[in-house]
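Structure record follows, encoded as structure tokens.
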Amino acid sequence: MKKKNHKYRGKKLNRGESPNFSGQHLMHNKKLIEEIVDRANISIDDTVLELGAGKGALTTVLSQKAGKVLAVENDSKFVDILTRKTAQHSNTKIIHQDIMKIHLPKEKFVVVSNIPYAITTPIMKMLLNNPASGFQKGIIVMEKGAAKRFTSKFIKNSYVLAWRMWFDIGIVREISKEHFSPPPKVDSAMVRITRKKDAPLSHKHYIAFRGLAEYALKEPNIPLCVALRGIFTPRQMKHLRKSLKINNEKTVGTLTENQWAVIFNTMTQYVMHHKWPRANKRKPGEI
């Protein structure tokens, strides 16, 4: 079998640098690391999950603040370093495994991570696709472009909309690529995710809502009445517009989470179940 060429094949690495096959960029700025932990606002009552622990720069600080730290790392060399650095911290467990193959904690947990850019979307899906999980809040460092897509007021994607029905997602601040080793080609962002105390929908409706969101956001720039005409009758749509207090030109991509809740509740109350749109199954990295 012919070997597949990799973008790092033949690249000369700096001293101490490991091949970065997952898109992992390690933070080395101590003030930035302390800021991340401070903004996470964790206590000894918290179980903290760190995804992509690297050499433990963030892990060691988390170990001093949290009740329990679960540090996930797949690189064997990094795992050895992590094990040595956290040897004195009995509250810290090193999980030597692929991030996408782990089982999330059953208890309530917090995520504080500088995640590998290459698997940003799969990680977000893992954390947010099940609103009934124990995930409560997080501070996650990710590629700036992804952060902007997840937080944009104009919503184009059904997954992002569904996540934001149950979680608040916002950019805390941008981070220069100079704070990482090896430095990425683009800047990063610190993102805060918080579970909504009063979500507009029950988490049991997640799959059904995803179906509605996926159907409606096929063309996010078109008017709502056009996007949903396959679901609602003209009479139902007229009633819905009055409930939403919008005109005929309101586009689906500009609706708020609360307006989407009204649309979903109207559908479940007045539309026959067989007319409800179904969500398509996608691969973990697709969005």
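Cβ atoms here come from the backbone N, Cα and C positions, even for glycine.
Database features (Swiss-Prot):
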type	residues	note
BINDING	H25, M27, G52, E73, D98, N114	S-adenosyl-L-methionine binding site
COMPBIAS	1-13	compositional bias 'Basic residues'
REGION	1-21	region 'Disordered'
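Features per Swiss-Prot, on structure.
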residue: H25; record: S-adenosyl-L-methionine binding site; Cβ contacts under 8 Å, 6 or more apart: N114, Y117, K177, F180, S181, P182, P183, P184, S188
residue: M27; record: S-adenosyl-L-methionine binding site; Cβ contacts under 8 Å, 6 or more apart: I33, G54, A57, L58, N114, V141, H179, F180
residue: E73; record: S-adenosyl-L-methionine binding site; Cβ contacts under 8 Å, 6 or more apart: G52, A53, G54, V79, L82, I94, I95, H96
residue: D98; record: S-adenosyl-L-methionine binding site; Cβ contacts under 8 Å, 6 or more apart: N74
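Annotation for the binding-site residues G52, N114: lowest Cβ count within 10 Å of the residue's own Cβ, G52. In the three-state DSSP assignment, the secondary structure recorded for D98 (S-adenosyl-L-methionine binding site) is coil.
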